[in-house]
């Protein structure tokens, strides 16, 4: 009699700890619902992970095994009692080439572990690695196989390293790209110069917040400079673009001078790169000066459309759509035909302003000019529609996109998932949902009729694998709903899928646990972020760290985190982040410490910080709360000198007058109490002048209070409203 499927999987009890690492994560265990831990352990270890143990005969054809794989890797939910009657092929998520490549790698690893390395050749290992990369295996498993082969002193061929690098780039594992390049240099010498430049360009094109791709690109650039290659003009421009992305304008200009000294002409691309730096930071005057220099450099020849695109993108970032449209029309008049980037940038500005009809009309404008349909332009319009919850327009755009022969990519699905999950995050907060399996993504995935779950299933049906942005979007929706269970459920599914969390994901989890009052867990997530190879500490993470420390009164640690954030901002050519300074100011204000709060504000302004209106108004009201009218007047003057702040003078005067009325009421109460105690003061011959009255009147001394009470000249009331 054949053993039952459950009997087969009960043999896996000894590997329970391994599945906890694979399916739950190292910090907060979240069990996969719907199956026992033994079932899930055997499935993940023997089939989903290439290095797992074999947990039963006929494992790959077992319906229960296939069902568990589908639950761990797709958005479908399968009932246990219906598994036996289901066709196992309908649940298969792995292609045959990938299964064969996994078998080959396991066989080679078993030989190496059995000290039979003489039966393992470099060509066999190279072939197995290339098969894993070609079959799009998870990067964590590819990297483990590569580490095992390298530990056995097996020398892979050059093509294997190139495919490994491509897989690491696709997985956004920047540090692994640098490590693979170092190993390739050790074995085969420095690669050609275009290989370095291609790696740098691809690393810079990888989207995502909190990934180390830019830092890895800079290390590749340093390796290129140390390789002994004589840089050509393309390499210099690659380095300039990298420095601009990192905010290192001075170094970018030095490279431009070095390019001239080496006998290379900068070319129009160098001017575009410098224009991009100023346009992204809102310095349109400097960008337009460079545009004029470029026009003089080009002479009578028409400018490239990318120059106009850079200016247009800068105006869009500032919200000046009138100037953006003027740049687009000027490009046409001067003989430069707009391209897909022109329309996508302008469309993103229109949808940000809520002008969806005009944004959709750009698609017809592109067709009238003979431009082919572009998925980037469709994505820009759909992103705005999803943010504004205009789902009928989204459906119309999707149909039009498919009619044009275009298929949605992972980026398009991420936009739609973000719109759906944000639309129903408030609904999730208001009501309780039934828990779902990890296959459904999280409880957030079922909100609003299961739209997010349907999108996830559609992605997988199209052969697309959810990335870190997909899962990060679901976690952020859980954060908005204040649901720790939903966030950890998504994180568990993310780790089972083999997707490494990025910095944005860790920052969202820190924010969630901070708002729930779980300070220790938030700090543990920051520690995981600091030790992760797939993510890096960015400004957002440091600002969140400041808030975590400040929320529990750890002001020394909060100021240290703010210092780190300011240093990182300086390295990137940016002003100190206002979020960190505001968190510190709020913490001091909640503790009733006016002096430290004002000192932190002064330090922020002295280092070039640009406070927003909410931060300035908080400092102003804090001064009025402590009846320090002199400091409040100084804050108000500073606000009037700042550019870009929309002041509310009427409201500020109202706050000032309310503070005066409260102060007058306190003085009247103090005056009445002092009348009753005047006899005791004269009889005793002593006064309690050495003690404060406890009314918290700014920085005035006790002597100034007594002067005011007896009508003598005093400095108790510093300034009037001005």
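Note that Cβ sites are derived from N, Cα and C of the backbone, with glycine treated the same way.
Nobody curates TrEMBL annotations by hand; they come from automatic prediction.
TrEMBL has this to say about the protein:
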- 667-690: compositional bias 'Low complexity' (COMPBIAS)
- 667-696: region 'Disordered' (REGION)
- 232-266: repeat 'PPR' (REPEAT)
- 304-338: repeat 'PPR' (REPEAT)
- 339-373: repeat 'PPR' (REPEAT)
- 374-408: repeat 'PPR' (REPEAT)
- 467-501: repeat 'PPR' (REPEAT)
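Using a Cβ-Cβ cut-off under 8 Å and counting only residues 6 or more beyond its ends in the same chain, the repeat 'PPR' (304-338) has close neighbours at 268, 271-272, 275-276, 278-280, 282, 284, 287-288, 291, 294, 345-346, 348-350, 352-353, 355, 369, 371.
Broken down by DSSP into helix, strand and coil, the repeat 'PPR' (374-408) contains 26 helix, 0 strand, 9 coil. The DSSP breakdown of the repeat 'PPR' (339-373), given as helix, strand and coil counts, is 26 helix, 0 strand, 9 coil.
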